[in-house]
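What follows is a single structure, written as structure tokens, with notes after it.
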Amino acid sequence: MSDSLDNEEKPPAPPLRMNSNNRDSSALNHSSKPLPMAPEEKNKKARLRSIFPGGGDKTNKKKEKERPEISLPSDFEHTIHVGFDAVTGEFTGIPEQWARLLQTSNITKLEQKKNPQAVLDVLKFYDSKETVNNQKYMSFTSGDKSAHGYIAAHQSNTKTASEPPLAPPVSEEEDEEEEEEEDDNEPPPVIAPRPEHTKSIYTRSVVESIASPAAPNKEATPPSAENANSSTLYRNTDRQRKKSKMTDEEILEKLRSIVSVGDPKKKYTRFEKIGQGASGTVYTALDIATGQEVAIKQMNLQQQPKKELIINEILVMRENKNPNIVNYLDSYLVGDELWVVMEYLAGGSLTDVVTETCMDEGQIAAVCRECLQALDFLHSNQVIHRDIKSDNILLGMDGSVKLTDFGFCAQITPEQSKRSTMVGTPYWMAPEVVTRKAYGPKVDIWSLGIMAIEMVEGEPPYLNENPLRALYLIATNGTPELQNPERLSAVFRDFLNRCLEMDVDRRGSAKELLQHPFLKLAKPLSSLTPLILAAKEAIKNSSR
């Protein structure tokens, strides 16, 4: 009798997506042909030795040592002039590498003719040398879904079949030579749950930009193709500057001034490994004094590709504590490792929920409200997150919603109220970022709007497009179209339009959108718990 009563009281299970969007990335194919990689310096030397033998002679070796070292050229400028012939519909003076990218981009000739400048903008982005093999600080890969969000799924050496030609492949010979230089004990990276082409892209050091604010690029807009048959549309300047990078010792000295003194093993107990990456490990642990469960990232500093970002991320997290942000708790230097202690949210990332379950408008409104509260706090403290997406939203089992991953965040100052670096994740990028214009905090609002579409449709717009064409569509299409707009309420559609307004001045701010009528539909955060449980169960079943 009691069993039948219990069954009657249980709420119906939340709806699951018929086709999980959390699919293996190998299912996607953008027909992106990889570009050949420029030969590395050591390979050039090997070829020279084969042409000029005698390197094995001791006398020659001695002479080689005596030769003065000639440094690489600096402050040189390589200018590319690309034009567009409106009659033939072809670009003129386009580099071969760009031509190859364009051929595999699926951007039609009509689209190229319609907006050649947008095509060149996205080509410039892909050609940016600093996008190759860059990796965010504190990013790991793991097959453990509970670690998702703490173990970011955008590690640059995690390759999948559908990866776009951001990082050209290396030959087997070059690959072997690189592997010899790396630690043989490094575990192989696990394939990330999201397609590799949704990974975050980093093209300029945030620390460098903060330390010495530079004025936005005021390069004049080239004449349009309509005004001349063959106009110079684009100038690409490639400079190699002497950068004032911090030395490893300077970084360690700065970290020592930030971290706590003492042995973390005396403060935390019951360490349980939840993730492993090439540069470190993530554990859960208990604070002995409070009993609080925490996440601890243990990173080998020697294996961190951008050590300068460590200081940036820790300082931003430490100085910006908020109920809607995954809060930094503490950090320690233990030998060659940096241990960063953060809040632990056992619910996993929002990505698991959006890809495995169907959210209703009340639940979506609740998530949007919590995210806007986090963004309002950050923006009021002159911080732009720059990588808002479901992967960077963590959930507690009680339904709490918190923003994480400050590897790309930027501090803005009165002297530098706009930024012009290309960072973020392509499918969530605001148009002004794609077209490399100066931008402000409202780039986070656009990304939030794209994330709201994720919650409706299970994935961001253009995810199945070639990444280069997706960037073109973001730059030219304006507000992306919904698959089934008629299924959404008028108030929700208006909220999306306010977030995804092309005109930045008309786009809502976090403070303004917190007053939007759509947020009045928000259900209690506890309504997210059944979705979290259903997503965990679906993922567990799919892995069997």
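Cβ coordinates come from backbone N, Cα and C, glycine included.
Computed from a predicted structure; not experimentally measured.
From SER50, SER105, SER142, the position flagged in Swiss-Prot as phosphoserine is SER50. Per Swiss-Prot, the annotated phosphothreonine among residues THR160, THR237, THR421 corresponds to THR421. Residue with Swiss-Prot feature phosphoserine, selected from SER31, SER74, SER139, SER146: SER139.
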